[in-house]
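TrEMBL annotations:
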- 12-32: transmembrane segment (TRANSMEM)
- 39-57: transmembrane segment (TRANSMEM)
- 63-82: transmembrane segment (TRANSMEM)
- 186-206: transmembrane segment (TRANSMEM)
- 226-243: transmembrane segment (TRANSMEM)
- 250-273: transmembrane segment (TRANSMEM)
- 279-301: transmembrane segment (TRANSMEM)
- 313-329: transmembrane segment (TRANSMEM)
- 335-356: transmembrane segment (TRANSMEM)
Amino acid sequence: MIFYTRQPEYMWAQSLNLIAIAFDISWFYEGIEDFKVTVLKNSLVKVLSMIAIFVFIKGPNDVTLYIIVLALSTLIGNLTLWPNIRRDLNKVSLRFLNPWKHFLPMAELFIPQIATQVYVQLNKTMLGVMVNETSSGYYQYSDNLVKLILALVTATGTVMLPHVANAVSHGDMHKVNNMLYKSFDFVSAVSYPLMFGLAAVSLTLATKYYGPGYEEVGPAMMIESIVILIIAWSNVLGVQYLLPIHKQRAFTFSVTFGAVINLILNVPLIKVWGLNGAMWSTVLSEVAVTLYQLWAVHGLLNISKLFSSTWKYGLSGFCMFVVVFGMNQHLSNTWISLGLEVIVGILIYTFLIYLLKADIINQLKKLVENKIRR
């Protein structure tokens, strides 16, 4: 940060995030499967930070203050978890601690994080150099919305990881595989409508959400929406399966492989198609990650069973897309029209997967029956 001369105040404000991460113990509550503590406290802090943004941020000159508010909300959110730790954590003598034995396993998990961040930043940088800074900004705006929707799906990884790790520690691989099949079916059932739904409304959503002048974000978002499904699958295979069964190297290689593919494809695709080329490069690199992970688990899982119901979700999602996209192109560009399109899309998708007797319907029936019995 000392050597960063372009708007260094932003860097110093962002440095609060480094302090916030040092106090992050949400991983502990995820490990003991106590999600209520983290969700409730962080939700409260997020609401307060949103109020602070509306109260204190008045114009373009308040960027530094805006960064500080966001960073402080993260720090305060992490600090609110500490009062509970004395109740939940047994006392451990410091002489029994051996942090170095965890260093190499942590490094193996750190590499995929770096690889992912590098190729996301690389896309924006190469767009800025090969096309212009505006295209780089459009990429960021599209990516923000797609990743926001994707978080709804990848959250299952946070919930499932401790369950799977617990089953692995007891040597119950039959249970692990069954959980994987159910989780894969669930994320497929959720990802297909999110992917097709976002693609159907993206052309008008971009200008509605970001305002006039952001028309180019729409087609880019339509292309990038494909990664919602692809990343959802790789999240199940990688985070929920390869990591708990101690196949970190396969997971690390898959992400690194995707980053290399992204780098190779970026130059020709950006040169030919600009912003949309960068989006296709992103999609194809995520496909490469998922294909490698499928190869890595092909001797451990029944691949045909894994995809047994996905055609039902794909067909239902595509039919929903056709109807919603048609509505989107003919209705007025208002939030009311968008809400109507979402409702119609949900009704069509739900009706079709019920008609096709998709596995998720049986899972929901069992869940409701168990709740009633309790």
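Placement of Cβ uses the backbone N, Cα and C atoms for every residue, glycine included.
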Cβ contacts under 8 Å made by the transmembrane segment (186-206) with residues that lie 6+ beyond its boundaries: 141-142, 145-146, 149-150, 152-153, 156, 214-219, 221-222, 225-226, 228-229, 232-233, 235-236, 309-310, 313-314, 316-318, 320-321, 324-325, 328-329, 333, 338, 341-342, 345-346, 349, 353, 358-360, 363
In contact by Cβ distance (the transmembrane segment (226-243), the transmembrane segment (279-301); 3 or more pairs under 8 Å): yes
